[in-house]
Amino acid sequence: MLFKSVLLSTLIAVQALAENSAHQEIVTVTKTTHISNPCLENYAKKLLPNNPTGLTTGIPIVIVYAPQQPDNQVKQSESLQPTQSSKAQQQQQIQGSSVPASIHDTPTPTDHTKITVTSTTICNQKVCTVKTFSTIISHSESPTTTTTTKQNEEKSIADTKSFTHKALPSSNGAVTLKTTSVKTALTTTSTVFSATSLPSTTYTPSTSVSLVSTTKKNPVSSQSVVSTTKTISINTSLITDAVTITKEATTLPNSKHSSIFTNGSISFISTSANKVKSTVTSDISNNSQNGSSLSLTSTINQLASITNSTLTTITKPTSLVPDFSYTNSSRVSSTMRNSSEESSMVLEKSSSKLLSSTSFLNSSSIASTTESSELASATTSDSSLNHSSSSSVELSSSLSSEADSSSSSESVETGSSDETASNYSGDLFKAIDTNAPPTVFARSEIPLTIPAGVDNNGKPIGTNKFYTNLLLGNQDFMVYPLPYGLYWSKTSYYGFAVQHNNVSDRVFGSINTNNKGVASYYFNPTNNAELIFSATSFSKDSMHMKVSQMAELSALVTLSSSSNDESNYLDIPLVQGMGFVTGIYNGNLTPLLNSLFGVKDLSLETSDALLSNVLKYRATLLNNVQWLIYVTLPDKDTDFKLEVEDFYNLKGSKPVDGLIIQVAIAPEDNDNDKYYDAAAGMYVTGATVSGSVSQGTAASYKFSYTTAGKSSSNNPIVFALPHHMDSLTGSALDALTGITVTSTTKGEMTGFLTNELEFSETINQDVEFLPWTENMTGSLTYTKDQLELLASAANKELAANIAATVKNMNSNYFSGKVLDKYAQILLVVSEIIQDEEVTKDALNAMKDAFKVFTQNKQYYPLMYDTKFGGVTSTSAQDGDPNADFGSAYYNDHDFHYGYFIHAAAIVGYVDKKLGGTWAQSNKDWVNSLVRDASNPSADDTYFPVSRMFDWFSGHSWATGLFVTYKNIESSSESLHFAAAIKLWGKVVGDQSMEARGGLMISIMARSFNMYFYYKSDNTVEPKQILPNKVSGIFFENKVDYTTFFGTPADHPEYVHGIHMLPITPSSSLVRKTSYVQEEWKDQIAGFIDNVDSGWTGILRLNQALFDPKSSYEFFASNNWDDKWLDNGQSRTWSLAFAAGALNAS
């Protein structure tokens, strides 16, 4: 009876809708929706609300009921990762008078994501509108059931506007998305050509592999340092107790706040309209009852006039009462303890408002500065602190406004925002600077010839972009805007070739590996021209290519018969994520489509769902792969058609100025043609990246596609990568098509009918300079014994002439690593050991070392390249582009510069806490490195936008101007760059840069764990390579478990360690505990005992991310040997990192 009631209710609803129009009929198609018996009635009521039971319409309805199945047997009808099967031949036939039925497709197995589709079709005569709900279930989660909403009355022409709503998450990880309305209609198929016999020979793709050369220099080195004798060192005997470091203790002074007090130090800032001289005396009574009362007397004499003001009493907020813990050679340090006592501040009013606000932040000295039209500097004298009790201390200091401009006690405002980093809201892509780079970078050109026809209209040219191969050599290497691969075909057939990627075509192999029986690589065959955009006038001797409009995510290829033909040309826009490959024929070109494989069948498909000026063809190649070909005419033209000349040539019947030809691999399910139909005629011409952040943590970014042409949906079709799907938001949530296309090395891409893809991410603000792992639950704490060992290691490692050491290194990569190593030692001395005297000595040494580079006196000075627009190495000016790791030709810039920027951030941070302005004084030089590798805005015309980081791919491409496929060998050094600009932005007050670095880290956390780091449950990469645990070199079209400097057969530590170094607080944001532990267990544990070099320390510090106890024991061993350290790694930092992680876990 229950089943009968549901059936009757269904019939009632159909009749009610049918009566709205004499010609309108409703067809509801539900694909493989599994529901249990108890919910059947509720399900029907949701579909047909407000309809009484028992009413009969007489219209036959078929309801297919599937009994409840075990969870592991429930399968979905469509998949975001379909297997590669032959295309269905049956065309969709929807007619108003047909009997609707529930269609159950053959289940498709999937590893990554499943999709179930429930669709409702509204038909009027020949034209139907399909509304669809799609449920995406990531990572093989259990499916959920989705339902249609009440249908709006539709006219025969589909309403194509999108419906804005957020994703609907469920408890099992599914997200329900709604597609844009699209039209479908009766499709009539007519055969244009069908082969009755096959050619005697057919094209077979090459599966030969090109081995990676492993002759590059090892990036881990143990070059000797220039030693020196230090007169100042940490007195370990004065370390008497443990230390705990709070977040407040590492907060930088903010120039918009005027008073600073932490760790027993005071920085007092007064505000005036003019320069002033200041004298401040302070006294904290030993008899203070609550430990938080502070008396200050301040007399300020203005230059032009005198204004007296007395600060009579400040009672410090008791949540920041110093809790003194230990002494060392130069100061009494403190940490902050909580108290419930209240605070108050009493100020005597004066004619000038001298204090705007009070805050208590971390400082290591007493400083006095004045905000005015010009900033006056102040010099801090040494402070004497006598530890009397936990709540009282005597302190006196004298401050003078006379200061050396280079003194570490200078204090000046940096940054332009009134907001602190923690609550910054605004643009993520503000220009860093729009002025020319400093003149210290000599103007010159790298000795690389740009081919004729490459012209970016005076704008900087991206050197690490997907289109770079079109600028190099013979210009015939493939490019991968994704999901398709393309190349300039200059032999046999002449034009621009297109190929798709098929899982079944991947080539796996194993060579020079430590994992016997496991594939060490896979790749996709190249230069397989399934279709070639050409024209009858193109030939070997009469074809010219131009490359122009090169931007962050796009470029334009133009083919013509000669370089001076400005009237007859073929434009092919290349845009990352483009759903069609599009050719626009201009002038008197007769279109020609070639195929290396050959065409077996060509059919014309007509439908009222297509625009009247659009022709749709389906071409089946001799390899049984089907392609959709859409021809859009400027006006409806009944005379134009595609004709088959032979197996390998499809020719347009005549030239048409403005003709558009678009091709796409046909969907696995022919029913999904409707989305390509809805997008046909519109194509993407470019894309930009924009984004914003709210309150410092909630970030969003989006790809906005520019379009040309017209489609029935008023939208183009674009594709997103797997790492995009989990963070997708905005209007794209309503634009899912269910179409998937296989990428080269990044799994399945998903199609959307939209001109905008928007994503949301959360920025982690807790991770900054000091040690952090995701397992740390407590405060950063160090025992007395650990501090003594840290101090001993620091004393030994700081006995070096840092400037002399880095000056003579024959690579900016190595010198940058060494500079960063000493910066981290400085950080430990300043923040953990807290020895002020040694901190100042090390800080001055670091400043001297930086002068080598800011004055451009290193082994390979830097220059500004006026040809491509960038700050790059002069190492190739003598003819060797491979010197300095190829840096001159823009290889590894983020790796190299990340070390300098990170070191500068630490130096600036420590110096700023001491009241100095080193960061401000050197900001232009450091920012030039940031701008070169990561310029965020086209407003900065001296550098290309985002040279290294590919916002679409979710990671950087290291390879610069070398004829090969884009690749990245060290994911961790790319991460280090993002962390560096985040910290540098924090130090100089550039909140946009700081947040942008944080966003890059969040994006990499997604992409790295899908494409580079392989847990056993990874569902994006092929299962054949997962036991390797790491990608090795990740190319655009290949994953190769090796390195450029050695193979895992001999040195497995190379391929694993290059994705670890350097270990910093940001490492654990990306290298998740579960992954690191699995990699160690399955791989590293098997060879770690055989590693006896600088790689040992890298692997062991990585161990701290999941096993800090063993890591610390290694670095604290009595049998310690410095040979286990790379030049870029110190024992001091390694001990601090491992101990901090151990004690707080």
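Note that Cβ sites are derived from N, Cα and C of the backbone, with glycine treated the same way.
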Kindly point out which candidate in Tyr822, Tyr1013, Tyr1014, Tyr1054 is recorded by Swiss-Prot as part of the (1,3-beta-D-glucosyl)n site with His896, Glu969, Glu973.
-> Tyr1054
Nearest of the recorded positions (Asn235, Asn502, Asn775, Asp892, Glu969) to Asn423 (N-linked glycosylation site), judged by Cα-Cα distance | Asn775
Check: min Cα-Cα distance from Asn775 (N-linked glycosylation site) over recorded positions Asn235, Asn502, Asp892, Glu969, Glu973 goes to Glu973
Where the distance is taken from Cα to Cα, which of the recorded positions Asn235, Asn502, Asp892 turns out closest to Glu973 (active site)?
-> Asp892
Whole-number Å value for how far Asn235 (N-linked glycosylation site) lies from Asp892 (active site) (Cα to Cα) = 41
Candidate with the highest Cβ count within 10 Å, taken from the glycosylation sites Asn423, Asn775 | Asn775
What three-state class does DSSP give Glu973 (active site)?
-> helix
Helix, strand and coil residue totals from DSSP for the region 'alpha/beta subdomain' (668-762) stand at 19 helix, 51 strand, 25 coil
Given Asn502 (N-linked glycosylation site) and Glu969 (active site), what distance in Å do their CA atoms have, once rounded to a whole number?
-> 25
